[in-house]
Ligand code: PFF
């Protein structure tokens, strides 16, 4: 039986959904703390450079594969008569599971923080008390898992609703709201007394901070943030009609994603200094700093609740994109959408348990110096995603060739942009990614 393929309802719908996948915890939770750990402004510049050369090219390349094949991330390579390259899709699905597992844990924290904010849990608390609240919450063996479970259920529900009713609608309404509240937060963060040191840290580069590890972190962050290297954008591109210019679409998505990350940095890093915290404290940064900022602003309870609610929703529009490629693949194989969604969601949740416990009772188990959650993040973002991106570049640059160029512009003809894109995919992206991986791992 032939399955009719659902398509996006509009061009804006696709861009919002792709941006919804891109914008998430990676921008608001991860970007500020990684920037904090890697020296601030110099890291920011490096990150921007990577996003607007390699990142955006791989983004367009994935959309091209998806639309040309109108198939999920694995079947697409068979449709394009190059079945050997399906490895890209298989690796991607593996990476998606790994990411979804720990992503659900952090998203669970945001749900809990929405409730804490709404009930005034931080009223009158100082920096140290806010920190203690956070640490005792994440180190609890049970409660974070309940919230992770709730988040995974929500993810499954949206994926079950299908692409137009679920994914597309969620993106269109909620993204703009998140944007506005981030601007308000950035303004408040930067005007707190003592914030100047943070602004300097974030905007005045010190290039001596950059080494192989920093570059690897920046590349991993670029791939993570743009949702690349794991078949997500292939899958989303496959729900597109033939009329879009994919070059433009990838610009919009990269631009929105980067703007949100920069704004999140402005909202969080200056405030870190104002509250007297250390910018290099890792994953806890957002959850400790922001409640302190909300405490210092009028209407803080209201804005704090709204912020964590929107962050949860931004995480949701990303997590559905992690689940969708798996579901799309097995759906095409003839399994029911419901069954695949339920099974994959539960598996991802179970895989998330060690990540959650690594914040408390299993905190002493280290692998190569990293706790379980950090290890999952490192393996997926810093290794699997860049390797996926490298293969996508080689595939579209060398194997698809002219076909890719036509697909990219929807027949609008050749241009300098097109030439640059192919050049990056053929030479720059594969060489740079390989060099960064080798250098970072050694
Ligand atoms: N891009 C998302 C974020 O920045 O939060 C996370 C993500 C979604 C990563 C989808 C990878 C992915 F395929």
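Note: Cβ is positioned from N, Cα and C throughout, glycine not excepted.
Taken from TrEMBL, the feature transmembrane segment applies to 12-29, 41-65, 85-111, 145-163, 175-195, 215-239, 251-277, 306-330, 342-363, 383-404, 416-438.
Beyond its flanks by at least six residues, the transmembrane segment (145-163) meets 6-8, 17, 100, 104-105, 107-109, 111-112, 170, 239, 312, 315-316, 319-320, 323-324, 327, 337-338, 341-342, 345-346, 348-349, 352-353, 356 of its own chain at Cβ-Cβ distances under 8 Å. By the Cβ criterion (distance under 8 Å, sequence gap of 6 or more), the transmembrane segment (416-438) is counted as touching the transmembrane segment (215-239), at least 3 such pairs being found. Within the same chain, residues 15, 18-19, 22-23, 26-28, 31-32, 35-36, 40, 44, 47-48, 51-52, 55-56, 59, 127, 131, 175, 178-179, 182-183, 185-186, 188-190, 192-199, 201-202, 225-226, 285-286, 288-290, 292-293 sit at least 6 positions outside the transmembrane segment (251-277) and bring their C-beta atoms closer than 8 Å to a C-beta of that stretch. Within the same chain, the transmembrane segment (175-195) packs against the transmembrane segment (306-330): three or more Cβ pairs sit under 8 Å, each pair at least 6 residues apart. A contact between the transmembrane segment (306-330) and the transmembrane segment (41-65) is absent, since fewer than 3 of their C-beta pairs, 6 or more residues apart, lie under 8 Å. Between the transmembrane segment (215-239) and the listed ranges 12-29, 41-65, 85-111, 342-363, the one holding the most Cβ pairs under 8 Å is 41-65. Non-local neighbours of the transmembrane segment (342-363) in the same chain are 97-98, 100-102, 104-105, 108, 138-141, 144-145, 148-149, 152-153, 155-156, 159, 322-323, 326-327, 371-374, 376; each lies 6+ residues outside the stretch with a CB under 8 Å from one of its CB atoms.
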